[in-house]
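*Asks:* Here's the feature list from TrEMBL:
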type     : residues : note
ACT_SITE : Ser112   : active site, schiff-base intermediate with substrate
ACT_SITE : His117   : active site, proton acceptor
ACT_SITE : Cys132   : active site, proton donor
MOD_RES  : Ser112   : pyruvic acid (Ser)
Amino acid sequence: MKDANLFQLGIGLETGAHAEDTSRGTNAAPAAFVRDVFDENRDDHFIRREGRVFAGTHLIIEVVNGHGLDDEGRIQKAFRDCVDECGATLLHIHTHKFSPQGVSGVAVLAESHISVHTWPEIGYGAFDVFMCGDAEPWRAVGVLKAAFGTEDVRVKELLRGDGLVTDEAAA
């Protein structure tokens with residue numbers, strides 16, 4: 001077995017990487033299949049807001065003067081808490097702790113992802129929260145404030161795929 005395959009099994013070799021097992025046994029989601037975005041029988045996950053149709057809301061969240069940004073367990077808990085608060089579906093979490101400090105990680109969601117790269121030596125965490133469908137990514141902001149003990153959280157919003165599909169075509 002090649003070393004790269006070990007990461008798929010959640011084995012971090014000697015890098016400090018850890019994968020969280022979130023398997024759902026026999027209740028796992030069915031295999032995905034491709035449908036035409038304009039198929040009227042398609043259950044889409046487009047967001048419709050104020051006359052706009054877009055694929056998802058992508059929040060660029062900067063945690064400033066945060067605490068615990070070097071703690072993988074705390075980051076994984078923050079990911080899980082964000083997923084719960086936003087009404088999303090967690091598929092997998094993977095984090096990696098760097099030496100001497102810093103953590104990178106991703107929570108893969110049915111609705112997209114949450115990711116982070118941290119610089120704990122300056123109290124900074126760069127989070128991305130991207131969700132589609134009925135998930136509410138803005139609810140992650142309060143979770144991250146509480147998780148890392150700061151009120152200084154800066155957010156920019158991107159509407160991914162905005163204008164690519166009209167409401168009439170997506171309906």
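Each residue, glycine too, has its Cβ placed from N, Cα and C.
Just so you know, TrEMBL annotations are computer predictions that nobody has curated.
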*Asks:* Determine, to the nearest whole angstrom, how far the Cα atom of the residue listed as 'active site, proton donor' is from the Cα atom of the residue listed as 'active site, schiff-base intermediate with substrate'.
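*Replies:* Given the Cα positions, the residue listed as 'active site, proton donor' is 7 Å from the residue listed as 'active site, schiff-base intermediate with substrate'.
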*Asks:* Around Cys132 (active site, proton donor), how many other C-beta atoms are within 10 angstroms of its C-beta?
*Replies:* 22
*Asks:* Taking 10 A as the limit, how many CB atoms besides its own sit near the CB of the residue listed as 'active site, schiff-base intermediate with substrate'?
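*Replies:* Around the residue listed as 'active site, schiff-base intermediate with substrate', other Cβ atoms within 10 Å: 23.
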*Asks:* Inside 10 Å of the Cβ of His117 (active site, proton acceptor), count up the other Cβ atoms and send me the figure.
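*Replies:* Excluding its own Cβ, the number within 10 Å is 16.
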